[in-house]
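Colleague: Before I ask anything, let me first share the structure, which is written out below as structure tokens.
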């Protein structure tokens with residue numbers, strides 16, 4: 001029973017992906033609009049939460065250096081924490097496009113989804 005919830009979660013994520021992919025060129029129905037809105041909400045909460053965690057970690061590193069608790073070389077962690085936080089904000093706002101390794105299609109694909117599902121933001 002302990003492993004049921006994680007397995008069900010992964011199956012649900014795969015199902016949602018294939019559901020949206022199969023309906024990509026059809027007119028959206030109410031169920032699809034509901035799942036798209038739910039996915040947008042979940043994605044934004046998780047991504048913005050992760051961005052806050054990474055940027056909060058960056059602030060903590062700066063605080064630790066300012067209070068002289070750790071050496072100045074700890075600021076190199078900012079080179080990792082700040083960009084990853086930005087990536088989570090980007091994914092929270094725009095999501096991911098169809099091309100896996102290209103960020104250039106994220107915004108146009110998000111604009112298409114906004115028009116398709118009637119999202120305001």
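The backbone N, Cα and C atoms fix where each Cβ goes, and this holds for glycine too.
Feature table excerpt (TrEMBL):
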type: TRANSMEM; residues: 6-22; note: transmembrane segment
type: TRANSMEM; residues: 34-55; note: transmembrane segment
type: TRANSMEM; residues: 75-94; note: transmembrane segment
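For each listed feature, how buried is it and what is near it?
Modeller: Away from its own ends, the transmembrane segment (75-94) comes close to residues 43-44, 46-48, 50-52, 54-55, 57-58, 61-62, 65, 103, 106-107, 109-110 of its chain (Cβ-Cβ under 8 Å, at least six residues beyond either end).
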Colleague: Would you mind listing the long-range same-chain contacts of the transmembrane segment (34-55), meaning Cβ under 8 Å and 6+ residues beyond its ends?
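Modeller: Non-local partners: 16, 19-20, 28, 81-82, 84-86, 88-89, 91-93, 95, 113, 116-117, 119.
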